[in-house]
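Take a look at the structure below.
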Ligand code: GDD
Ligand code: MN
């Protein structure tokens, strides 16, 4: 049982909600609540909101166990969904406190930074970021050279595109006034790991923001969930911000997968041709291989949050193959029409086929989003 706050304290609403996204962090929940209790006792009334995506290791049960004895602890368990940023958004939406902080559930973030962040918000600030890259901060807890390289690259790329230049835009530890969050909410991408970057890039130009030095500790229990998918999501999120949301992230991921499909198509066709297949047969073979690879990539990346499994996988594949075949005909048809028609692109094979490809990809995307990955 965690140390309970005094009766008078817990009967009043929280001033600070701490949203804690967690996936497979069962061993870290109890120590984190203790750490928060230690860091915040006497400073403010707080609550911790654990947002778990149905972790197989029983993280939600662990958190509920504490919540049954300590009303400052709340649990949201999402079923059938994954994602750090979207988990954080849902935690935010369940809070009524004037100030909300976001903190990892793996003890890597130093709770000592919460006090100064809260002070800044209380004094009228909009946002406070726990930073590893200001005087007094430290990032040595990042595991290995590869993670340091990724972090540095991410920071450079973000600073290049950000209006509010932060020393540590990759931080996942920050606090914000809730009304400001609600104002930004409709513009958030909500994909990937970098909810702070998403927020800051979508925030109004006038923003009172500070960075508070913080030490990033190394992970003791459990493992990092950062993988290739998260990196792709990062790239698409930044693109989404740069295009001001006119091109949805999912569509861009779909288009990138489609582009990969073009290369796969040509490669497979050449291999088949080289093996002695007739040209038209080799072309059909290449197309089929590309469709299969695209289906797999889309299932793995583009629609990772709606991933098809088991019987639904085969049903989805059938619809995808049919849709792509129609898409291919539409592609050729449109290209032909424009090539032969009297538009300015008439007679230009490159512009005509580009237009065909755009129509093809939009069509495939519409079917994929509505009929395959619903
Ligand atoms: N609900 C939920 N769903 N939580 C998740 C998910 C998910 O799909 N993926 C990760 N989390 C939780 C983890 O359980 C952990 O509490 C927190 O989000 C951060 O994830 P880690 O897997 O520990 O990521 P990391 O340490 O590699 O990255 C973190 O460090 C960066 C700084 O280098 C993240 O906090 C970044 O936001 C942070 O900037
Ligand atoms: Mn971590």
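Think of each number as a place in line: the chain as shown, counted from 1.
Glycine is treated like the rest: Cβ placed from N, Cα and C.
Looking at 214-233, 354-373, the range annotated in TrEMBL as transmembrane segment turns out to be 354-373. The list of residues near the transmembrane segment (251-275) in space but at least 6 beyond its ends in sequence, with Cβ under 8 angstroms from a Cβ of it, reads 232, 236, 239-240, 281-283, 285-287, 289-291, 293-294, 297-298, 301-302, 361, 364-365, 368. Sequence-remote contacts of a segment are chain residues at least 6 beyond its ends whose Cβ falls under 8 Å from one of its Cβ atoms, and for the transmembrane segment (354-373) they are 250-251, 254-255, 258, 298-299, 302-303, 306, 308, 316, 319-320, 323-324, 326-328, 330-336, 338, 345.
Looking at the domain 'Glycosyltransferase 2-like' (17-184) alone, the prediction's average pLDDT is 92.
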